[in-house]
Amino acid sequence: MAKELADKAKEAFVDDDFDVSVDFYSKAIDLDPNCAEFFADRAQAYIKLESFTAEAVADANKAIELDPSLTKAYLRKGTACMKLEEYRTAKTALEKGASMAPSESKFKKLIDECDFQITEEEKDLVQPVPSTLPSSSTAPPVSELDLTPAAKYRHEFYQKPEEVVVTVFAKGIPKQNVNIDFGEQILSVVIDVPGEEAYYLQPRLFGKIIPDKCKYEVLSTKIEIRLAKADIITWASLEHGKGPAVLPKPNISSEVSQRPAYPSSKKVKDWDKLEAEVKKQEKDEKLEGDAALNKFFREIYQNADEDTKRAMSKSFVESNGTVLSTNWQEVGTKKIESTPPDGMELKKWEI
């Protein structure tokens, strides 16, 4: 029966009816969940539907787990990862498949494409966020809590300069029922306990990681995953595309602020009093033009609630500094396009 469903899935695939193909493969997998071929073929249908992360990559990984010698599973994973621009992860999978099928030309062609893209990526430089933004406007939350009702287990994360720690609160899960895979910018967590609905956490990550340095531990009350950052930047969220990256502030040596006190006949200065006086002068200072406008916006930001701050940050960053809105309900659900002043033209600079 499972084979008949798989045959119908292949017919639908040939007819470019990929949704129907996925449906038939899913029914076949329900009847025979240990068939690696079904997962590899469903991964191909998902690739056609452009469902790469949680579906195509997950199915390819499952096929590899069930049958490590199935070369087309590595091809599916490599293809899906390339669509996600995860070229190093794709290359690793493709090289593994090529080692088992050296005569298959598809592997070499895709590996060459990965090498080219990796070389191009290495030319890119990390660009800091605009310095004209208030310093606190781009500061992301240190942790994130997922309370999606559909999620079987909740998860959260916190970060350090060199790593991100993800915790999945799954209690009493046997280690053999946990499958975790790391990609260049992919985390795949699958908890599959017999008799229960499987749990999937498979986001495309906010930033790139170093898979070989990532690790995880299954504890009695949770699963703790440590992701080694490829770049020392602050993640605005766990998932890709949810806010701008922030470069860490330089670490100012404590030697500067903790000056040694030497015996002196000079009168000791009250530095706290001087600082307060400087702040008062800045507050009372009469500014004009752009300086006055910038001061006005800073004061709005400092005294605003969280929604207003989010609205200001989002509108300013997404519009490349041409729009500044305080209405989160207006800007929170859409991308803010750049709007240059009248008589001026927006140009995109290529570095």
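The backbone N, Cα and C atoms fix where each Cβ goes, glycine too.
Keep in mind the model is a prediction, meaning the values are calculated, not measured.
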Can you dig out which of the ranges 272-291, 332-351 TrEMBL describes as region 'Disordered'?
332-351
Helix, strand and coil counts within the domain 'CS' (150-239) (DSSP):
6 helix, 41 strand, 43 coil
